[in-house]
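As structure tokens, the structure follows; a few thoughts come after it.
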């Protein structure tokens with residue numbers, strides 16, 4: 001009954017029937033209370049976005065997988081200290097982080113959001129060492145500015161690690177197959193004789209493994225209310241140093257994944273067979289045993305009283321004869337899928353039972369370790385079966401010899417017999433990740449042109465995906481190339497209209513382009529797609545901000561913050577609106593909130609610098625602009641404002657040097673040239689200032705401030721006619737009301753000497 005209920009719960013979860021899974025799992029926990037069943041119930045609640053339920057179910061549990069699920073619940077509830085305590089218990093010094101790479105990744109997130117950057121970086125790197133395909137960990141390292149070059153992370157060492165893992169998955173699939181066979185035997189203890197015989201016969205006649213339920217606890221857990229190994233020994237552990245879910249958590253018939261610890265999405269469906277882990281467990285026992293040998297023979301004899309030879313031998317004989325009549329049979333069973341790691345072309349000839357003889361051959365090299373524990377692996381007993389099966393096993397001797405030779409080559413080369421396909425697949429995948437990773441790393445370092453060059457190396461199929469096009473749009477946005485950014489985001493929307501990744505940046509692009517209609521349409525479309533996403537409300541906020549309705553814009557940005565408090569850009573946009581409303585105190589708080597989430601969010605450092613510059617706290621302004629410049633050393637805008645702060649501090653030489661850098665960084669940006677001319681004018685270097693302004697007038701002919709500054713310089717050069725001309729040109733360009741008042745005041749004082757004007 002327990003096995004049936006577990007299988008029903010797993011089936012409901014696979015079909016996204018979360019409420020049905022919760023109901024059945026509650027019945028399961030009531031009938032068979034155990035921590036392992038509680039894990040499954042907590043997983044159901046987590047799938048149903050009810051982290052608080054999983055939190056109460058798993059609080060105080062001790063198994064590794066339970067602690068991992070509890071930490072996920074705490075993280076989603078923003079209980080970061082409890083999440084850290086679950087992953088790293090203070091009373092267990094030196095204990096391993098549960099769930100391998102996914103556990104280290106989750107712990108890295110906890111450390112990141114508690115402002116412990118070094119520890120976060122260490123755990124993200126550890127997650128990548130365990131699972132080189134955990135892309136999410138590399139993304140976090142890039143965000144923290146601590147990522148190594150992608151060629152090193154996704155290089156030869158990563159390829160060897162993946163190939164090493166795939167080699168072990170071949171033997172792991174055999175263990176799962178053997179476990180399913182033994183579980184079907186053990187089921188005879190709880191099923192009636194007729195039902196048990198029918199289940200056995202379904203397996204003997206080669207029916208799909210879909211007919212056999214697989215426990216969510218992993219193959220090492222037998223049937224029974226105690227949910228413990230029935231042989232009295234320790235339960236079988238993972239082959240790796242940290243626990244990870246078994247293949248049964250994904251599907252009862254799916255082959256094992258290529259990387260066991262690869263859980264970038266923190267899959268929480270599977271269970272854990274033991275609170276501890278060990279490296280050499282599979283080496284000590286080449287197959288997973290559930291009951292003592294004598295007990296198993298008694299059970300088999302009771303189920304099949306008329307059978308003479310051992311069940312495994314009879315299965316091998318029947319499988320060999322069946323294979324000759326149907327050599328092209330594929331199937332979706334675990335034994336068939338595992339054959340690609342073990343036998344290459346022989347997978348179509350060997351049935352699931354014949355792989356037990358493979359276990360015999362592979363098990364011979366592990367004899368000494370197994371005998372040290374005083375146990376004989378059951379696989380050896382398969383090789384020494386009764387004499388009545390001699391003829392049937394002899395028919396497989398040729399295959400055994402072939403597999404023996406392949407096993408030897410596998411030990412020498414470190415790869416599976418089908419290793420060329422695995423090697424090619426791993427090489428292609430890592431090559432793709434190297435290109436994507438390098439592009440993303442350069443983008444996070446704000447080397448945006450280099451990032452664009454890296455993305456152009458992608459194939460046409462990969463480049464025209466929503467994620468890549470969104471990253472291209474971000475890069476153009478940072479380069480202040482808003483038209484190209486708009487084009488990239490349009491392509492991204494066309495490729496994946498359902499994705500909201502980067503749409504907050506896209507809405508800001510449209511804000512700068514003053515595309516009110518396109519921005520309004522985007523905001524409505526995002527709300528229809530997902531009204532609970534912060535990107536949607538950021539787009540609406542930008543729409544109102546473009547219309548100068550800052551109070552309504554602020555409300556929408558605050559809504560985005562409430563939906564996701566760990567979304568730094570929403571906090572920054574709130575700060576911009578507070579500053580527009582001249583509420584500098586709350587603006588500073590919003591910027592600081594963004595920096596608590598991401599210390600490399602340079603927009604917030606820039607925002608704080610602008611606040612202090614307006615408040616004429618120039619030293620504070622210079623400090624914050626410099627912090628922003630240290631993060632993004634290619635932003636012409638940040639360089640310009642840093643130069644302005646330095647000029648306000650009378651450090652004119654440094655200010656001019658910074659303005660030169662800003663001009664070189666982006667020659668299309670008129671702001672640094674204007675402020676350079678202003679600094680030169682303050683130093684009474686009028687000729688150089690006018691030369692810069694004449695050049696600027698050609699690139700920005702509609703900027704009234706340029707003509708107003710030229711008028712001021714001509715006045716100081718005692719050229720009132722030219723000054724009046726340029727003041728008039730400035731007014732003709734219809735500046736803002738404040739600038740209009742300043743220009744008219746200067747025109748009225750045109751004939752007043754500068755000394756008297758300063759005293760007025």
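Placed from the backbone N, Cα and C atoms, the Cβ positions cover glycine too.
Given the ranges 156-190, 366-400, 401-435, the record in TrEMBL names 366-400 as region 'Disordered'.
Of the listed segments 116-142, 197-223, 224-250, TrEMBL assigns region 'Disordered' to 224-250. Mean model confidence for the repeat 'TPR' (568-601) is a pLDDT of 96.
For the repeat 'TPR' (602-635), DSSP puts the residue distribution at 27 helix, 0 strand, 7 coil.
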